[in-house]
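Annotated features, as they stand in TrEMBL:
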- 37-59: transmembrane segment (TRANSMEM)
- 71-95: transmembrane segment (TRANSMEM)
- 128-151: transmembrane segment (TRANSMEM)
- 163-188: transmembrane segment (TRANSMEM)
- 200-220: transmembrane segment (TRANSMEM)
- 232-251: transmembrane segment (TRANSMEM)
- 293-314: transmembrane segment (TRANSMEM)
Amino acid sequence: MAGSAQTPTAAGSGGPDGGSVAGGGEAFGDRSLSQGLSVVVGLALCVTMLGLGCAVELGQLGPQLRRPVGLLLALLGQFVAMPLLAFLLALIFALDEVAAVAVLICGCCPGGNLSNLMSVLVDGDMNLSVIMTASSTLLALLLMPLCLWVYSRHWIHTALVRLLPLGAVSLTLGSTLLPIGLGVLLRYRHPRTADLMVKISLWSLLATLVILFILTGTMLGPDLMAHIPASVYTIAVLMPLAGYALGYGLATVFKMPPHCRRTVSLETGCQNVQLCTAILKLTFPPELIGSMYMFPLLYALFQSAEAGLFVLMYKMYGRDSYKQDTLGEEEDTDISYKKLKEEEVADTSYGTVTAEEHNSIQMEPTQTGL
């Protein structure tokens with residue numbers, strides 16, 4: 001693999017892909033712009049996690065914990081399927097260690113709150129969506145560093161992986177607990193304000209993308225796209241698409257209903273790109289990681305576009321079947337109600353029932369007021 005041929009002296013050196021990335025590292029020497037990027041990334045992460053906490057309703061946790069299917073699917077989707085997918089794509093496209101680490105970190109991240117919005121648009125199970133996002137975020141405290149340690153072994157001899165700051169990654173993950181906790185408290189005390197924060201956190205993703213592209217473009221100029229190898233763009237397209245397919249297949253194996261399959265599909269493919277960007281930008285020296293902190297932003301663009309196509313196809317072709325299923329359920333309920341009314345005990349004005357003989361029943365009239 002190309003990653004195996006890298007020298008430990010400089011991240012990304014020794015290869016066409018690596019040369020592009022290494023060249024990008026020199027452009028990140030502008031300390032003021034680099035610090036500006038770090039501030040934007042940190043704020044975006046806090047807003048995202050606050051919004052995630054605001055989406056959690058404590059009353060819904062009990063049923064989900066008693067039947068922890070959502071927890072199990074979050075575990076399998078986010079920390080088994082997606083990290084393995086990221087690792088295989090990095091090998092197939094022979095990425096250098098810098099690009100490979102960026103792809104691995106993105107693949108090992110928990111689910112993002114974009115999936116909650118998309119689940120609403122495809123008539124999914126919102127409670128399942130929120131519990132999967134929240135549980136995968138909490139599980140990431142332990143499982144994300146573990147997955148990175150396991151899958152980065154292929155590039156262990158390289159400088160970047162030997163310096164892989166798993167402690168800093170864990171610290172960044174731990175710092176997200178405070179805004180999540182504040183969000184849960186806000187939902188409990190002020191539900192309307194929490195609803196507003198959920199909307200703000202969703203819009204913060206778009207704002208983060210725009211600001212980071214502008215600041216990065218200022219540092220790299222017209223060579224912005226040249227610093228990112230074509231193979232990385234290809235992975236950014238394929239990875240969320242494969243994640244959606246894996247999630248749907250996983251839910252099918254568990255024999256979940258169609259609306260839950262759509263939810264699990266979106267939860268698996270949508271990654272927390274704000275967290276990934278924060279880890280790449282805040283835990284690695286800018287001259288080492290270079291422009292590869294842009295990978296989660298590319299992933300965000302394509303995961304949003306592909307999820308948008310998913311929603312569009314559902315609105316065009318799947319919505320009618322969903323309505324038909326819902327209508328059938330309503331008709332069954334109505335029929336059952338009518339049958340129940342018809343089988344009610346007869347009015348006593350017809351008389352009382354007495355049994356005089358073994359096989360005979362006689363009606364005795366009773367007086368009723370007119």
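Glycine too: its Cβ is placed from the backbone N, Cα and C atoms.
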Annotated stretches the transmembrane segment (232-251) and the transmembrane segment (71-95) touching (3 or more Cβ pairs under 8 Å): yes
Chain residues in Cβ proximity to the transmembrane segment (128-151) (below 8 Å; excluding those fewer than six residues from its ends, i.e. six or more beyond): 49, 52-53, 55-57, 60-61, 64, 69-71, 73-75, 77-79, 83-84, 86-87, 104-105, 108-113, 115-116, 119, 164, 166, 169-170, 173-174, 176-177, 180, 260, 263-264, 266-267, 272, 275
